[in-house]
Structure formats: structure tokens, C-alpha cells
Amino acid sequence: MAAPPKPEEISHPPMDQLQGLEYCIDSNPAWGEAIALGFQHYILALGTAVMIPSFLVPLMGGTDGDKVRVVQTLLFVEGINTLLQTLFGTRLPTVIGGSWAFAVPIISIIHDSSLTRITDPHERFLGTMRAIQGALIVASSVQIILGYSQLWAICSRFFSPVGMVPVIALAGFGLFDRGFPQAGQCVEIGVPMFILFVIFSQYLKNFQFRQWPVMERFALIITITVIWAYAHLLTASGAYRHRPDATQRNCRTDKANLISTAPWIKIPYPLQWGAPTFDAGHAFGMMAAVLVSLIESTGAYKAASRLASATPPPAHVLSRGIGWQGIGILFSGLFGTATGCTVSIENVGLLGSTRVGSRRVIQISAGFMIFFSILGKFGALFASIPFPIFAAVYCVLFGLVASVGLSFLQFTNMNSMRNLFIAGVSLFLGLSIPEYFREYTTAAFHGPSHTKAGWFNDFLNTIFLSSPTVAMMVAVFLDNTLDYKDSAKDRGMPWWVKFRTFKGDSRNEEFYTLPFNLNRFFPPS
């Protein structure tokens, strides 16, 4: 009779750091490889950087030329914010990009009666941009205060692994509508892109060229090049000549009008659209988006720390990062990017796909963002990639970030009915409530909150459209009210508590110490 299996043979012990990553947060590939990887992160960041202005600027009355300038400005500010965050914020390898969380208050500003009555489209665009700038400048104070006052660090004491699992998971799962629904708008390029990316990055990942894992490292750039060329071939051959406008807009490589309208050289600068205008109602609505950005970024930072093979960021480091992100939103308002900023989830997912979590790679990508935003024609060339190509990649990268969130369950007792209840209910409501708000808005052309107070409507509709935000409210409340005193071990607190403070784990100093010996002036708590 065979001997019964040993416990270690049928279970996997919890691990602080993911295994199999080639480069962690503070180890760097060779310069040539690092530059190529940085360029890959830049290409991936273009998807959201182009999509947001392409959606918002025409609603504001802007022309294709205005759209190009906003895209350039957004990329320029993204580069600056990414450098600041990786140098002085959390120091995690995260790209700070544009955020869809700001769409509700921005659309509300666009439809403000004081702006819609402006007859000249260009004047209306400038007036709307200045109003958005003013709201962003005021609202940025929320993250700046919560971050630098360490209030967010105090709030994080109520977080546990079981409470954060839904937040991190839904940072990826909650973006499901940005995946295949968008890729399916041009199936003939979206589906091949998805299949090729999976084959190259997973099934052919062991293919090496001169002992260099080319497919695993550069599956994204290789597949984008192949499918982009294929899409250009379809466009040039006239495959879309008599197709509906929506199909042409999503599939053609020459429909965005970015290259023809982009200037050769243009340096974005603060207040380039004129002096911002300030309205209390606009600012209050925008504050909800800033709170959503804060919560989504909190989950993204924890996912990035895991994919960079680092320890979870200590409370004061997380709070410091939120403070710098508030500065980033302030810059977004000053420069006029037409949206605020948050951590780019797709770029966090790319850390796991390439198995390179190096901080230097992300800093190089920030350099590409700044460089190509100034050289308009060259930047516009890459920005003309059809969005379904990016959406197909999101199907993989968003899912990867979500699975990192689920990996935190290993530190909890998932044989506990209490934990099963919290995780299940918060995950379900985090998906279900925002979907209700989306469907209601699509049918009624306004959100479920539809009172005479516009700022109040914007606040509620923005909060409840965010899956990670809903999940955090539900999970943290339940986790801190349901038998919490007797469930510390089940919640994973013995593992979690040592990472709350900078000195709680010896590895924190290696990962999160400020550069240039700045810790002398800002000692860690």
C-alpha cells in the first residue's frame, strides 16, 4: 500500500514574492534590452493616451489638430509623472497614465449650459478645456492632502489581504469592457492580435536568439508590428472602402488624422489653453474621480509590487505615492490633458508578461513619452495604431493583473465561511453595481443619481461606476465589522502586519528607499 502524501506534497506554501521573474524592481537588464523594453511600455501606453482625447475632444468642439495637441500634452505629462513616481513616489515600476475614471465629471462639464451656448466650436473647446483644468487643479488637493499628511497611511491600517483581494482583482476584471468588446469592433485584426500575442508570449516563450528570450520579452512589439502591417495592407487594398463609418474608424490605419495634423516639433507648456476657470460644482464632481483614481491606484501599486518581486509597499510609501499622484493630477490641470491620471493597469500587466519588473525600464519608457510628445510627427505615427490592436492585448494584461489580486488569497484562510462571504460578495457587487450604472446611463442618457444638484450626481455616478471602489467599500466594511477581532489569522494579518512599516521587513529599505540620500530629510516611519 502506497504511503499517504505528505502535506507539503499536496499544498503550496504562501510566498511573499512571485517566483520566475527575471528582473526585480532594482535589478536591470542590459542597456540595449532595457531601452527596447522601455519602448514597448511606451507603445502600450499609447492606447489609452490616444483613446481618451479621441473620445472627449470632439465632444468639446475641438478639431483633429486640437486632438493631436491634447494627445501630445497627455503623453508629455504622463512621462513627467511616471518619472516623479518612480523616483520619489512609491518607486515602483508603474506608468502613470490617463484615466477613464474622470470621464463622468468631464462629460458633465462639457454639457454645462454656460459652455454649450458658445456658438464658435473652437471657443467652446477652449472654454471647456479651461473649466476642466480648473476642476482638476482644485480636486488634486484631495490626493495631495491625503498622501502627504499620511492620512491614507492611517486608512490603510484597515486593509487586510482578504479585504484587498477584490480591490486588486477588480482593478483588472473591472476593465472587461475595454477588452474584447473593443477588440470585437474590428474582429479581423483584434482576434488575430489576441491569438498571436498568446502564442508568442506563452507557447513560444522558450524560443531564444543567442540565449536571449526574444518572444517572451518582446511578444507585444512583435505582434503589434505584424498585425499593424496586416491592418495597413487591408486599408491600402481597399477592404474597408465601402464599409460603415464605425468599421472604418476602428479598422483603418489612416482614419485618425493624427499624422497629417501633428506638428513636427511642439513642446507642451502650462496654461497653453489659457487661464483655467474655476467652478465649485465642477470641482466637487471631479473630487469623486480623484478618490476613484486613488483607490484604483492603491490596488495597482500592490499588484505592481508583486510583479516587480518586491514586498507590499509600506503604509507611508503608499501614502507618499498617492501624494505624488496628486501632484500629477495638478500637472494634468496646469498643462491641460483633458483628464486626470492614475496607474496604467495595462503596463502593470506587461511587467508580468515580460517577467521584467525593473524600475529603470519604466523610467526609460517615460523618456520615450516625453521625447515623442515633442516630436509630433513621429509620435503620431505610433499613435495611429488602431485601438482594437491594443484592446486585444488588454484581454491578457488586465486578466494577469486580476489574477495577481487573487494570489493574495494564499495568505488567508479560504476554508473560512467568513472570508468566502466577504470575497464573494465584494467581487460580485464590484462587478454588478457598476454594470447597473452603465446600463442605466446608456438607456436614460444620465446616471441613476439624477437630482438638481449636478455635482452630487457626478459624485455618486463616478464612485459607483468604478469596480475597485465599490469592492473596497464593501470588502473593507465587511472585513472590519464581521468577527474581525477573532479572525486576525484568517484575514492574513500576521503576514500583512510586518509590511505596514518601513522597518517591519529588512527588504523594504532595498526596494523603497528614496534616491540621492533623501531619506535623511524624509525619514521613513
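Just so you know, glycine gets a Cβ as well, placed from its N, Cα and C.
Not measured: the values here are computed from a predicted model.
Among the features that TrEMBL reports, transmembrane segment is placed at 42-61, 92-110, 131-152, 158-176, 183-203, 218-240, 361-383, 389-408, 420-437, 459-478.
Across the candidate stretches 92-110, 158-176, 361-383, 459-478, the maximum count of CB pairs under 8 A to the transmembrane segment (389-408) is reached by 158-176.
Remote same-chain partners of the transmembrane segment (183-203), defined as residues 6 or more beyond its termini with a Cβ less than 8 Å from a stretch Cβ, comprise 215-216, 219-220, 222-224, 226-227, 230-231, 234, 246-247, 250-251, 353, 386-389, 391-396. Scored on C-beta pairs under 8 angstroms, the neighbour of the transmembrane segment (42-61) with the top count among 131-152, 361-383, 459-478 is 361-383.
Among the stretches 92-110, 131-152, 158-176, 459-478, the one making the largest number of Cβ pairs under 8 Å with the transmembrane segment (361-383) is 92-110.
Between the transmembrane segment (92-110) and the transmembrane segment (459-478) there are at least 3 Cβ pairs closer than 8 Å, counting only pairs 6 or more residues apart in sequence, which means the two stretches are in contact.
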